[in-house]
């Protein structure tokens, strides 16, 4: 709010139920009295024309009826009123009134009265023009450099400029590329018209160009205008605003240079008459009208601006000079001179509040009471200062950007997922792999403390999950009401989701004392769907490609208690293990918590499955590259198709048709190519969505294994999730690879740097673009895992790089930071996970056991598990990995024994038993041979 208020000098309310707009107000000596004082002319959409000569009311006067000089009811609505020299045989001011289908010019005359009632005023029609098109607005001026007279230009609703040389209609021209009418103004110095088109750009048309352009008796397109007589109408200059314009004004303050002021929705633009921007002012409010006028300072302009907060602001160019509070929101503002006071601000609101005010202050005779002096107790001040500093430190620890809500929400949501699957499934896809697709019912309870209006509920689940209905329009609820909404969730794709968590949001509005109309609010809640919604038990399979083993610091649990529906999980796809591994860890935690065990901990002893994770990354990146290639090819074929169309159209329009020279055949072939490319791009887009979901699942699994491997806290795990999962979906402008690379690089340069001296002081903030390949990303992720294994600590504070003592298992090898670039890896096989029931309870998640040698090797690993350590697999060269993939399992056992014998001479540290994830690739028989 402003400290000052606009002082009322005179005010009046015009009629009842009438509406007004920015063109319904003008000021000037309309009756040509020669006194130098202005009258106020107001026209309404109801067709009422009023003329006022304001003066302040005396204390003994009860009414202000004598301020109104004239009131006339016209048959048509009044769109705009202007004063000018509109009559050819007279240089006096006349009043031009614009109706939707008529332009009328009136003469206002006053006759001195012989009685105490005062002077009498009359309105006489001089001439009028019936319009063939519906008018929108008008402007006037000495078009073409005439002297002593003003011409009128009217803009119609369909984009035609109609020019009237006083009593005569001159010509009409259509604006090119017109869609909707915008504000219109005339610049005297350059003899040009300024408007803002529907493409949000300022356009300038010279009067000379309009006069010699093609006649616009009937609207024609650009091609027809170019072939007819006259020149094609083109703008003298254009300037892109990027927003809608509310008004345009060209004050005549300097003969050397004219300034064009354009009021936008969020900015004020000042443009030179040659199209160059002089300055631009960003507004922190929604403006409603403005008026530029001359300033006492040379080279500057004063601007009166009103906004929707009832504020009147005075700017000198871009500098705010004064702010005053108004009693209403004006739609038009003018400056006028009256007998007792000059420079009054005249404002008109949309409902007819006409006000003349001035800006200033009235003297105040209020004197503040004297405050009794008291001595300062410094001990109390120190105690209060310490308490405040403690509060500040506690508040700064949270590092929250948004303040926390202290009051209870007016509307609470509770989501309850049914413990049983639906008897009749609501799934869109009835069967997958010969098994019926189930669905589960989610019940949402909505309770409110106060009245809420227009509540709308939105349900969001992760793809490829689906719901029976995701948008709900609810009825308004009174205080203390409760509402229950039900919907069903199901699997709607042939691949598992990355998360079984769903979100529910309800948007509503609640009334307050300051805002009875209601303030928009949002309440949210989450729900977790059961694992069996996307998994089903199956018979045991001996061979599986991947397996993960989770260790605990407690005796093994009978999995029939944790997983009553299954015992073993095997998978042919790496990323499909995520949901089951997450469920296993959560059920372990719940099981031991129910038994009262407080020191239970899951752990993992490696190796981290980075090669398998990188396969998923490469597959996703390959689809992104293909999407860009399809987009480029589609653009090329579309340009070619349009060029062929133009040539064929030229041939068909030719009066002497010639041979097509196989253009029709070429167009048909190009059309087929465009359709084929579009189909391929759409298929690649669907595969990319599926690949991104699998990448999110693999990333979640990697984060889980890293947190179990190093025992990360919840805060560190949250930082790791924000680093490796910055996006919920891919976009053409920003993808997962560049986002993760930037985030991981930030961690490597800050909290995971080698020493505090190596921390980056200033980080690069360049634009993120799709990389050429994934080698740099793989190197950074490998370094991240290596530095976490060496004791790095994830933190957002600057003092995060403090080395911590970490007990490493025996024989642990760190990853060398210089990484040899790899060749292309084979594409990832996308296969569904199978979940198998076993009679013997086990705590292992096993995905593949290759042969009987596998079981014997597992026994050896169990015997030597106390001597082995977690190992993060480094990215070796592709040739070495390809060579190792061809070696039989015995050779691998021998090489591992040699490596362990070489490291036996090194110092080894003993650690407590941690959880391990063992990922083993299935070797094909051809590879073994």
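The backbone N, Cα and C atoms fix where each Cβ goes, glycine too.
Sequence annotations record features per position, and here TrEMBL assigns compositional bias 'Basic residues' to 835-846.
If you look up TrEMBL, you'll see 847-910 (among others) marked as compositional bias 'Basic and acidic residues'.
Taken from TrEMBL, the feature compositional bias 'Basic and acidic residues' applies to 918-929 (among others).
If you look up TrEMBL, you'll see 1-363 marked as domain 'PTHB1 N-terminal'. Note on the domain 'PTHB1 N-terminal' (1-363): mean pLDDT across this stretch is 87.
What TrEMBL records for 436-527 is domain 'PTHB1 GAE'.
Taken through DSSP, the domain 'PTHB1 platform' (565-605) splits into 18 helix, 7 strand, 16 coil. What TrEMBL records for 565-605 is domain 'PTHB1 platform'.
Residues or ranges marked as domain 'PTHB1 hairpin' by TrEMBL: 607-710.
With DSSP classes pooled into helix, strand and coil, the tally for the domain 'PTHB1 GAE' (436-527) is 0 helix, 57 strand, 35 coil. Broken down by DSSP into helix, strand and coil, the domain 'PTHB1 hairpin' (607-710) contains 92 helix, 1 strand, 11 coil.
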